[in-house]
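These come from Swiss-Prot:
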type	residues	note
ACT_SITE	LYS165	active site, proton acceptor
ACT_SITE	HIS284	active site, proton acceptor
BINDING	ASN113, THR163, LYS167, ARG285, HIS317, SER369	substrate binding site
BINDING	LYS191, ASP193, GLU194	Mg(2+) binding site
MOD_RES	LYS4	N6,N6,N6-trimethyllysine
MOD_RES	LYS191	N6-carboxylysine
SITE	LYS324	site 'Transition state stabilizer'
Amino acid sequence: VGFKAGVKEYKLTYYTPEYETKDTDILAAFRVTPQPGVPPEEAGAAVAAESSTGTWTTVWTDGLTSLDRYKGRCYNIEPVAGETDQYICYVAYPLDLFEEGSVTNMFTSIVGNVFGFKALRALRLEDLRIPTAYVKTFQGPPHGIQVERDKLNKYGRPLLGCTIKPKLGLSAKNYGRACYECLRGGLDFTKDDENVNSQPFMRWRDRFLFCAEAIYKSQAETGEIKGHYLNATAGTCEEMMKRAVFARELGVPIIMFDYLTGGFTANTSLAHYCRDNGLLLHIHRAMHAVIDRQKNHGMHFRVLAKALRMSGGDHIHAGTVVGKLEGERDITLGFVDLLRDDFIEKDRSRGIYFTQDWVSLPGVIPVASGGIHVWHMPALTEIFGDDSVLQFGGGTLGHPWGNAPGAVANRVALEACVQARNEGRDLAAEGNAIIREASKWSPELAAACEVWKEIKFEFKAVDTLD
């Protein structure tokens, strides 16, 4: 066939409604808003082309490969209900386009340059179906939910955490003391804030030492295993690994990483180190809202959550449904299931566009954090279930009597909710009564109930289905 130079419409090559998807294809659902005058077939085909083999003009070297084997294909287009000129375009990518075990490479293709494409007004990646053949090239979470419970010897209830505040400005000694008070009071974990790395007021090594002391002292007093998420995030990968190694030498159970600001390559390396060395890995999602909060452009958090499960992390922040940070109930529970379960059915009412089989890749524990306090405990226990970490920062440290009583209040509230649930009571209907009953025999809980009885963060959720 002679080479024919010139520009041709994308849809002639990349829009293939007759295509039957393969079990090995990576499938993507994009929300596409074309520029006025651009037909949806052309827009969908352009997305498939620009995120796979295509470029803006026919090139001579196209003849040296098999486009049919390597091209992305837009195989289905649906109008978005209630929106004019907006479509869900489904694209199938052959597996050969992606390097094994690399979330970085997968994202560079699928959510790379195509998002700056001029023929589109906006583009959002709503969901990805990762084929089992590709899932199997990833280690995934260092340990997963069951192994974590076995390591910590904690079963049958959510775990409790607390982010140490003020997030910046404490000395290492005072920071360690705050950790100790929380852990002694009954929490399972305390947490470095995501922006605590190694600053002039508190260098990382000092913090690690004082927090390790807090862990060992509180473990000795309570007879429970305790942890503090030591943030290993750093300016270079070498420095990050140095911090992880030091944490392992201290014998602590868990470290933490900011996976979006730190990057997927660094995260995957750290996850491999954590599995090899018995460390749990807590993941913070700082920067996610830059990517996922706009409805029409960017990437939905469920995609970032899937990517994290592949790259590796044992915990990840996932919104609260009830606190100060974003999260609409059905949608949040949709990606919480994607993190924890082995098999998730397609369910558009929860924003899940594809059935996903994780073929026994370990699960990730979702972390509910942000503006939550004791009055939220029944709702959180009901919504998130046992396999979750409930994190109360201000909701622990803001207690009028101090950190340890704040921790006691949270632990009593949690134990009361778990017991009530196990006795068959309805947490949604009786939640406030359950907390009030428990506060009768816990002065710490009674004081917490009094402080936060009126606090609500009532705003309309941005992340709705449509």
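Each Cβ is built from the backbone N, Cα and C atoms, and glycine gets one as well.
Quantities reported herein were computed from a predicted structural model and do not represent experimental measurements.
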Largest CA-to-CA spread of substrate binders ASN113, THR163, LYS167, ARG285, HIS317, SER369, angstrom: 37
Among LYS4, LYS165, LYS191, ARG285, HIS317, which are recorded positions, the residue with the most C-beta atoms within 10 angstroms of its C-beta: LYS191
Which of ASN113, THR163, SER369, all binding-site residues, has a Cβ with the fewest other Cβ atoms inside 10 Å: ASN113
Residue pair LYS167 (substrate binding site), LYS191 (Mg(2+) binding site) - Cα distance, angstrom, rounded: 10
Top Cα neighbour of ASN113 (substrate binding site) in the set of recorded positions LYS4, LYS165, LYS191, ASP193, GLU194: LYS4
Recorded positions listed as LYS167, HIS284, least Cβ neighbours within 10 Å: LYS167
Cα-proximity to LYS191 (Mg(2+) binding site), 10 Å cut-off, over recorded positions LYS4, THR163, ARG285, HIS317, SER369: THR163
Nearest of the recorded positions (LYS4, LYS165, ASP193, GLU194, HIS284) to HIS317 (substrate binding site), judged by Cα-Cα distance: HIS284
Listed binding-site residues (ASP193, GLU194), ranked by Cβ neighbours within 10 Å, top entry: GLU194
Nearest of the recorded positions (LYS4, HIS284, ARG285) to ASP193 (Mg(2+) binding site), judged by Cα-Cα distance: HIS284
Inter-residue Cα distance where the pair is GLU194 (Mg(2+) binding site) and HIS284 (active site, proton acceptor), in Å: 7
Cα-Cα distance linking LYS4 (N6,N6,N6-trimethyllysine) and LYS165 (active site, proton acceptor), given in Å to the nearest integer: 65
Coarse DSSP state, helix versus strand versus coil, of LYS165 (active site, proton acceptor): coil
Nearest of the binding-site residues (GLU194, ARG285, SER369) to LYS4 (N6,N6,N6-trimethyllysine), judged by Cα-Cα distance: ARG285
